[in-house]
Amino acid sequence: MGLTKQYLAYRVIDSFNIIASGRSNVNFAVVDKSEGRYVAAPAAENVIIWDLRMGDRKLTLRREKHEVTALRVSPDHLHIAVGYADGVVQIFDLSSRTYYDAICSLALHKNAVSVLRYDLHGMRLVSGGLDTELVVVDVVEQAGRQRLSGHNAAVTDAHFLQRLVDQDVVVSCSKDTQIKFWNLETQFCFKTIVDNRTEIWALAFINDLMVAGAGESGMNVYRLRKREATNGAALESAVEGLSIDDEDTISPLSVSNCGTIQRAGKGRTVNLVADPNERVISCHGTNDLIESFYICTAEEAKNRLAKRLKKARKKAESAAASEQDDEQLSKELSLSDEIKRLESIKTKQKIKSIDVLLGENKELRVLVSLANNSLCLYSLEASLKSRKASTPADSSVKVLRSLTRLGHQSEVRSVCFSNDSLAIGSGAGDSFKLWDRDAMQCLRTVSTDYVLCSRFVPGDRYVLLGMKSGALLIVDVGAADIVEKIPAHESELWSIALLPDQKGCVTGSGDTTLKIWSFELIDAGEGAAQTKVLSLLHKNTLKLEETVLCVAISPDMKYLAVGLLDATVKVFFLDTFKFYLSLYGHKLPVLCMDISYDSQLIATGSADRNIKIWGLNFGDCHRSIFAHDDSVMSLQFIPKTHMFFSCGKDGKVKQWDGDSFEKILTLPGHIGEAHCLAVSPNGRYLVSCGSDRTLRMYERTDETIVLKDVQEEEREQLENEQLATGEDNTVPLLPGLKLASRKTVGSEQSAESIMECLEISRQFELEAEEKPEPHPLMLALQVKNPTDFLVATLARIRSSDMEEALLLLPFSIVCELLERLPTLINQRPDELELLCRVTVFLFKVHMKPIAASKTMKPLLIKLLGLLKRDVQQLRDVMGYNLHALSLLQSEVEQREGVQLFREATQTRRKNEKKRRQATKRRIQIQMA
């Protein structure tokens, strides 16, 4: 048997250059009890906690493959919930040392998660998706509780409504132009508001007001009131005017439209956020304007009303008119009395997301995520006294912090390694940046035009940049300055290749010419820091018939290969420009190519998604490989080997063997397109760039990989993505059953493990007299009897997969499991909560067949008695402990003269005060 060829694996180190991606929202976060300093921002598939004061990363929460589409920090600032493009929601603990490991992972939606929102206490989480459904999650239990279906389009926002009603109510809005109120106990919508003509994109709640941001410039404002038993409708119509409710509705709320807030911004309302203290709402449209509105307290609103009446009286011409005016105006507090427009913030770029925080001294901090991969923190005065600035100097708007230096403002098109492999250069549409490879920090930034290609000059003091305009820039790395701008070509400069003797370079352009340049040191001139600077001397020009897309020079200085727009590669002798070979076979233009270190192989990548490997001696095609699902954008050989890397518009980065023509491995690539890659001269590192604004760094490890193993893993991964039991999770006898979870491979495996466990337990009990050896699975779980084995198997199932796993069990297995439950409850009272959950769910789903079976009735009565007894005992223990702890607390407070849990007590008092003020305000409005 021949030896299997082994390869060394490349692994992801990290991604950098990205500050905030535009698909998700941003949030203020609290780390180390510091508020307003840290922000949580989405970064492709990761979430980065940025320290705005220091301007660097504090924490990174990672997940592979899928982009972050929504995130929300919990009210206690200890947790952060992150929603992804595949419908999964993960919750991370920011206060834990192992913050990078998710506490739980919940598969909730079929498509991307569009909104996440916690309730006031952070105990529940509502998640809305592009699949038109809402799911309410119990954060403590780490499982879905309710699934709400009723919208006809993607859900855009959702809130828990805990301020006015005793029941559990969720309010949601959608692109179907409707606002729905849901009762969580019945899982039904009890009220729908349909007076909007366009899609509703966001909701905000302040006191008893609900603001809805739609696809037009006006934002509708609704007043919510708890429905009273006595003539509530009559009182309401007297106070507000237009009522949306039906007379015979069963709704516990009355909702009335009380006006519109007109925005100055253009386009639809993209975001609408309220600060945690419920004093300010901020919104923005599709342009660069952020508008903020101050919501007055009841007393402030009354004072504004009085001032308005006073002004109206002064304007009146006659006493009769004045009386009439007074009569008309004193009827009600208008929306203009309750809401005051604050100063607007004008940003430099299009806005993607905002978050607001109101300080104690009425300073409003607005966090803005911009479309050009940057974060800004603005400050402005938020009070009734704040005036509109007549000049920019009088404005209270200040930029406190901005994160822009850590990433390109546009997509990165080109990457290159320095000759010592210690630095990375990246060129984008607006600048060229130099990065430290180890720290992944930006060292230098040079403002330029659109960069298409880049190369370090030998010695690493200068970089050559090929521009979209056709110019060739020489950049001094140390000074971060452009030394010379050479008008090299008339059209796009697509490719630069260095001569192997390190004395010059070759450039290829869209003007159908290829030029050879030699490096020259010239006098820098007077006053310059250096005496000599680099320049290029034009030596030769090769005129071709088609646009030149890429060039490569063989390391033996013999051949010059040129990729043309007519899908051919022409090979010339470098010294004479005499034609040597034409490599044809690609159906679309060749976008990239590279020649191996020994000048034996040339690999070409094309827009036809194929990579072809050719022999350079005779121009014979060794192999054509279908490499990517879209155009191959870049490829490069690893130095001193025949292995090479390629990347394509499908976002994937792959490693290939040029001798055996096999794929070695597929690396976790970009979300979207991959534009360019570069292999370090020592072959140890790889960097790639793509449309997701990230630069991804990979490192060669000492781990050996065998091709067959990798192929087997990829096959298994593909199989795992497809569910064995199909996507449908309906139960024949319960057609309307909608679980708040989604069937996953994990739930299928959990159902299999339960069935296997019961089979092993049955076998073990049959052979009990012979004292058999425990099964290997029992030994692995360190259990000795079937009871503990079954409990351990159930306990190992993820809480979010439990219901789906039990749903997949056949009825015969369900009966067997129910028969074993009394024994489990008696022997393992420590797992009572788990066993209760299993019992209740199985009875709920299989109630009809269980009720029809006569043998199951005694078992049902027995289970009911056991569970009642044990749950009562557990409640007694908890009640005893709770009151004992409160007694100890009061004793310590009396003895020490201090107040325990001061912060929690103050927070509770603040909430109670807010509730009292809201009640008082409602009474005042009704009296008015």
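Cβ atoms are placed via backbone N, Cα and C, with glycine included.
Keep in mind that this is a model prediction, so the values were computed, not measured.
Annotation source TrEMBL lists compositional bias 'Basic residues' at 907-928. Taken from TrEMBL, the feature domain 'Small-subunit processome Utp12' applies to 789-890. What TrEMBL lists as region 'Disordered' is 905-928. TrEMBL lists 148-192, 405-445, 486-520, 583-624, 625-666, 667-708 with the feature repeat 'WD'.
Packing against the repeat 'WD' (667-708) from elsewhere in the chain are residues 4-18, 21, 43-45, 64-67, 373, 407-408, 411-417, 419-421, 424, 426, 435, 437, 440, 630, 633-641, 645-655: each is 6 or more residues past its ends and has a CB under 8 Å from a CB in it. According to DSSP, the repeat 'WD' (148-192) comprises 0 helix, 25 strand, 20 coil. Within its own chain, the repeat 'WD' (148-192) has Cβ neighbours under 8 Å at 114-115, 117-120, 124, 126-136, 198-203, 205, 207-208, 210, 212, 214, 224-226, 245, 249-253, 255, 272, 738, 915, 918, counting only residues six or more beyond its boundaries. Note on the repeat 'WD' (625-666): its mean pLDDT in the predicted model is 93. Assigned with DSSP, the residues of the repeat 'WD' (625-666) fall into helix, strand and coil as follows: 0 helix, 23 strand, 19 coil. Sorting each residue of the repeat 'WD' (583-624) by its DSSP state yields 0 helix, 24 strand, 18 coil. Packing against the repeat 'WD' (405-445) from elsewhere in the chain are residues 14, 16-19, 55-56, 372-374, 451-456, 458-460, 463, 465, 475, 477, 480, 675-682, 684-685, 687-691, 693, 695, 697: each is 6 or more residues past its ends and has a CB under 8 Å from a CB in it. Per-class residue totals from DSSP over the repeat 'WD' (667-708), listed helix then strand then coil: 2 helix, 25 strand, 15 coil.
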